[in-house]
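Student: Structure below; questions to follow.
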Amino acid sequence: MSSPTSSLDTPLPGNGSPQPSTSSTSPTIKEEGQETDPPPGSEGSSSAYIVVILEPEDEPERKRKKGPAPKMLGHELCRVCGDKASGFHYNVLSCEGCKGFFRRSVVHGGAGRYACRGSGTCQMDAFMRRKCQLCRLRKCKEAGMREQCVLSEEQIRKKKIQKQQQQQPPPPTEPASGSSARPAASPGTSEASSQGSGEGEGIQLTAAQELMIQQLVAAQLQCNKRSFSDQPKVTPWPLGADPQSRDARQQRFAHFTELAIISVQEIVDFAKQVPGFLQLGREDQIALLKASTIEIMLLETARRYNHETECITFLKDFTYSKDDFHRAGLQVEFINPIFEFSRAMRRLGLDDAEYALLIAINIFSADRPNVQEPSRVEALQQPYVEALLSYTRIKRPQDQLRFPRMLMKLVSLRTLSSVHSEQVFALRLQDKKLPPLLSEIWDVHE
């Protein structure tokens, strides 16, 4: 396997290349304003690590407003400038002026042209918003406006055409002609989503579903890019040394656990951007993440499986065979099911939108342990199930079993999750201690 050096999303203790030891693989997860690494052994507090990485990074509030916008009372104020708000725009309660300003800034790249004559910390109000565009854009982002919610001119044009087509009366049917109307393609999704006829005839994604899919795919891309930039500090895979030596075995184990930490952090970052997740209470957020993380990791592993080489590639170019997994300390009883599941997922041929929707459905599983509001979780899951059903019927209208096959993979993941628990127990018997974040999210009690 290739073994370039790599990096964690959160710096490892020591601010240098990690060594193949237990403490070196522990992530440094800082609270806001905290400058020092947590002391060794600080993993004892319940859910401390998960709570910190769940905190919104760039917002003054604890939770972002997600999902359907609540009804306006008529006296709400813009979160950016304090003027009268007209509704929720780009995920934030704001006025028409700030809505239009944020859209123009994103579409026309205004951030690169704006400048502040002051210190970059101008206070925003209805007067000052016209004086300093840079600080106004900064305040928009601090309030929670999201660039991925802004549609391009082409996407808006397609939506207008689609809306006009929906308002027009349907043309008279001519069965003898054999022609069929194709559903409109979703902006931001592959053209394959509009192909086909037969059972998929007349099915279209709603505007809300299109936006949902765009947001999920964009969020995944953003999280993946962050992981790619985090390579340099992962413990290098040992090359040239005696593969059976104790140091080499420890180094391989450290390498894999650090990749797992990157994956966990990527999953948490993605979950925070899934519409509806931050509406849940903190306890339910933690419960859902603890239960779903390993299953999402396995989905992402399957996504990176190469059926020709029978290897799995993490980040940019970390490629691993079955033997590499075994050399890192994993058991054959866990490795073989991973590769079997990856091959099965490969045969389904999911695209980015389908993977993103399937992961969102997995996150909102109401039957997870310790969930306080299962009915609310189930309600949040339903739109993603409906979007995936419509999307698959549009993409593969002749394959009526595609959607149920996808959902059955979530059942397979439950079995794999149980096998993973046995693997973690086996690692403990081998006296291989997991880093605090992994111990906490997988409920490993030392």
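Here the Cβ of each residue, glycine as well, is placed from N, Cα and C on the backbone.
Note that the structure is a prediction, hence the values are computed from the model and not measured.
In case it's useful when we look at the structure, here is the feature table from Swiss-Prot:
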REGION    1-69  region 'Disordered'
DNA_BIND  75-152  DNA-binding region
ZN_FING   78-98  zinc finger
ZN_FING   116-140  zinc finger
REGION    160-201  region 'Disordered'
REGION    205-446  region 'Transactivation AF-2'
DOMAIN    208-446  domain 'NR LBD'
CROSSLNK  LYS395  SUMO2 cross-link
CROSSLNK  LYS433  SUMO2 cross-link
Student: Provide the number of Cβ atoms within 10 Å of the Cβ of LYS395 (SUMO2 cross-link), excluding the reference atom itself.
Tutor: 24
Student: Tally of helix, strand and coil residues over the zinc finger (116-140) according to DSSP?
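Tutor: Helix (H, G, I), strand (E, B), coil: 11 helix, 0 strand, 14 coil.
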Student: For the domain 'NR LBD' (208-446), what's the mean pLDDT in this predicted model?
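Tutor: Averaged over the domain 'NR LBD' (208-446), per-residue pLDDT gives 82.
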